[in-house]
Amino acid sequence: MTAESGDQIPTVHVATSLPKRGVSSSVLIVPVVSTGDDEQSGERPGAVVASAEPFLSADAIAEIEAGLRALDATGASDQVHRLVVSSLPVSSVLTVGLGKPRYEWTPDAVRRAAGAAARALGTAKTVVTTLADLPGDGVCAAAIEGLILGSYRFSAFRSAKTAPKDAGLHKVTVLTTAKDARKHCAHGAAVATAVATARDLVNTPPSHLYPAELARRAKVLGESVGLEVQVLDEKALQKAGYGGLVGVGQGSSRPPRLVRLTHRGSRLAKNPRRAKKVALVGKGVTFDTGGISIKPAASMHYMTSDMGGAAAVIATVALAAQLELPIDVIATVPIAENMPSATAQRPGDVLTQYGGTTVEVLNTDAEGRLILADAIVRACEDNPDYLIETSTLTGAQTVALGARIPGVMGSDEFRDRVAAISQQVGENGWPMPLPDELKDDLKSTVADLANVSGQRFAGMLVAGVFLREFVADAVDWAHIDVAGPAYNTGSAWGYTPKGATGVPTRTMFAVLEDIAANG
């Protein structure tokens, strides 16, 4: 799986010993942990190597720890130091802190440390690391994910004046004695590459990624991994009655699209008849001005990320095909550009959604739920066992949960399952309720529903309640609002860069894996 406009993804290799040749220009990444406790023992805080044996000699470890003492290193989480170690055949050693020692490490602790190390590599092209040999389930794949995601960069639109002078990280070699290390590292690399694909799509500016172009890229990616692909243009959408998608897109000179990507994985299952079917839906607003209900200018440029849900869904279904998950996965991706013009929908207009429900548009900036409603109804026609929808849907998500925590709504049991898995993979989704009384706030005087309520509170939940009206009764579903988490407007941290994050790609794929394993 590759993205068309992204930078190179490093290759991954596994070794059981430190190579003696060909690593003279490599950086060796070594995890360290904190020692000492000023308050309790009076011992000076310090750092010791956490994972190096049997790959490094006792002399090399002692030299690293002596260098750390000279730098007053504490081993705090994400703390990095660069050392020259004469007894090793590499150009330098980069230590990264894990915090206090543990008997086992969580995957996300390793993933974050690997990401912090990757961001500190500078112009290094090749790295070797012992991070993957830390004790704990899933750390091998996590180390690879962190290194690839932490080294991610997007320079497709930089000229020679500002483009990076180096080629970026080219090769990663992990040192580990773990069983099935190659399989786990390959899995981690595939997941990280899918996240990078989603990031590339979101980071591509709307001048270059409009509805027809996003549909084209989805088609190219889908066909490259064997997906069935269907693309509906504006004429087909009008004819089939996709009123929400047509209504949102009618203000733009670049008309809407609907993309369907299908992975027939049930044929790979031991019992194909019992294999589950999962629908994915992702909001694809390639740019959102707000329409006639126009947004403030100050932060409008961030709306290049308003197709973050679509990007994650496209990357996820492609990954399901690449890794041959034994379940059916069908992605439905509505794509539009929300622009003000003489042809744009107006506040007060009534749309007929796909399936027949009428909606009064009280605010044209609540457009995401309109295109999602069409897509959800279409997705439910496939009779899925589960439906996962994700979108950069409401600013209220960031008010309630901040910029890093997605809100997860939907059927109670499945919502909790999705949120728990999201927390396990480090994307930290949080379960939220959908109170029945909020539906009363969506009453319209002229249509079946209004697209917004007249209240200031619970905006994230109101949007979820609106979407629930379009989900078939027999379908377990989850709605993941990633308005903040899909795009990092602050500084880079861990394995998360400034700009597109790829959230919630890892959550959705982990849920698919869980369904494939457990139904």
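Including glycine, each Cβ sits where the backbone N, Cα and C put it.
Among the candidates ASP288, ASP441, ASP448, ASP473, the one that Swiss-Prot lists alongside ASP365, GLU367 as binding Mn(2+) 1 is ASP288. Binding of Mn(2+) 2 is attributed by Swiss-Prot to LYS283, ASP288, GLU367, and the same site annotation extends, among ASP306, ASP328, ASP412, to ASP306. Spatial neighbours are here defined as Cα atoms within 10 angstroms of one another, and by that definition the neighbours of ARG369 (active site) among the recorded positions LYS283, ASP288, LYS295, ASP306 are LYS283.
Ranking the recorded positions LYS283, LYS295, ARG369 by other CB atoms within 10 A of the CB puts LYS295 at the bottom. Of all the binding-site residues listed here (ASP288, ASP365), it is ASP365 whose C-beta has the fewest other C-beta atoms within 10 angstroms. Straight-line distance linking the Cα atoms of GLU367 (Mn(2+) 2 binding site) and LYS295 (active site), rounded to a whole number, equals 12 Å.
There are 29 other CB atoms within 10 A of the CB of GLU367 (Mn(2+) 2 binding site), with all protein chains counted. Listed in sequence order, LYS283, VAL285, THR286, PHE287, ASP288, GLY368, THR392 are the same-chain residues six or more apart from ASP306 (Mn(2+) 2 binding site) with CB atoms under 8 A from its CB. A Cβ within 8 Å of the Cβ centre of LYS283, ASP288, ASP306, GLU367, the residues given for Mn(2+) 2, is found for these other residues of the same chain: VAL248, GLY284, VAL285, MET303, MET307, ALA336, ASN338, GLY368, ILE371, SER391, THR392.
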